[in-house]
Amino acid sequence: MELKEYWSDSYHSSDFKLTRIGFVAIRFRWLVTLLIIGIAGWIAVDWWVLDPAHFQLIWKIRLITGAMLTPLLPLSYLCKLNRRWMVASLYFLLGILLTFNLVGLWSFRDGAPIPIGYVAFPYFLLALLSVLPLPVKSGLRVALVVTLAVLGTDYWLDRHSLHNGALLDRLWLLLCFSLAMIWVQAGQLRMLLDLYRESTRDPLTRLMNRRLFMRQLEQAQRDSRHQPFTLILFDLDRFKRINDEHGHLMGDEVLVRVATTLGDIFGPDATLARFGGEEFIVLLPNTTLEQGLRRAETLRLAVESQPVENPLGEGEITVTLSAGVVEGRHDSKLQVLLNQVDEALYDAKRNGRNCVQAAA
Ligand SMILES: Nc1nc2c(ncn2[C@@H]2O[C@H](COP(=O)(O)OP(=O)(O)OP(=O)(O)O)[C@@H](O)[C@H]2O)c(=O)[nH]1
């Protein structure tokens, strides 16, 4: 995982963004449930700890806070579809909880001893938020909001406290908790990204696997509007023979080399995947059938003209491929397109291999 991927989700792929937000939404829902139960349930503790005058006010504040958090539960189902909803819900949660903290502390303005639960609440909140796999930039924003809220509360309740050592003490503690929160969040983000890559990448070529490709294809079709897109499905010729005659290590080397050539030929606009054993697929957005055929031919020539060296130093071999090409539109049925391109590839094999065939 690269450093910039820890920093901001703008460096994540759109598919991982959705995966992460779905994960955050589930954890967020559990967090809100826990907070609603905890905040309302704490009334029992307050009943024991507080004097009746304080208790009369506090139990209502707790119930109102719990009620205000409740809409976040159904909203968390929408959040998994949209990052903006997720961010808005998170800040709504922070707003409610920090206001609860402010009003709770304000209720002790008469000098009554403040129970530890009220003083420690912002730190407790930071600890709870560490369950969300947020990038560092988002974690810093959350920490900043909590710190400013603590400073604002201090200022509002007791202007002098901003100038004494106790404030420094609180800031130091906030910094420690914030760093711990960001550290745990980044660790979770890393774990999630590693698992995501393991489950969506082919371990040999590092290209995306069939499952992720199908999701990308559905998305690309939705985005294509009235522009055509092209699919190229290709398969290495007589690959079994390469394995049998030169060994599996050589077979693996050929697959890796072809994957590299694919990246070089098609560039960042194309979506490339290993579709099966020695079968690869390419999705080209905004591309007509004629353009797709030309690009498939370029690939075929490139692979043919670059012999692959045996990793054990036992000479080199020439590899060829056969390809099928089909053009799709936003209203095409994907399963039909995949069948057509598969048929075209089969025709290319029947026509003698090492050639490109358009779908009928
Ligand atoms: N080395 C290696 N071989 C693989 C891998 N995945 C699949 N294969 C082999 O790919 C071969 C595919 O053979 P076939 O499906 O018979 O096709 P082919 O020999 O390429 O023949 P045509 O497709 O008709 O040209 C099988 O021998 C598989 O074992 C892999 O990851 N590494």
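Using the three backbone atoms N, Cα and C, a Cβ is placed for every residue, glycine included.
TrEMBL lists 21-45, 57-78, 90-108, 114-132, 139-157, 172-193 with the feature transmembrane segment. What TrEMBL lists as domain 'GGDEF' is 227-360.
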Mean per-residue pLDDT computed across the domain 'GGDEF' (227-360): 94
Residues in the domain 'GGDEF' (227-360) grouped by DSSP into helix, strand and remaining coil: 61 helix, 33 strand, 40 coil
Spatial neighbours of the transmembrane segment (172-193) far in sequence, C-beta under 8 Å, 6+ residues away: 1, 5-6, 12, 16, 19-20, 23, 122-123, 126-127, 129-136, 139-140, 142-143, 146-147, 150
Residue numbers, six or more beyond the limits of the transmembrane segment (139-157), whose CB comes under 8 Å of its CB atoms: 90-91, 94, 98, 101-102, 105-106, 109, 122, 125-126, 129, 167, 170-171, 174, 178, 181-182, 185-186
Tertiary contacts of the transmembrane segment (57-78), as residues 6+ beyond its ends and Cβ separation under 8 Å: 25-26, 28-29, 32-33, 35-36, 39-40, 42-43, 46-47, 50, 85, 89, 92-93, 96-97, 99-100, 103-104, 107
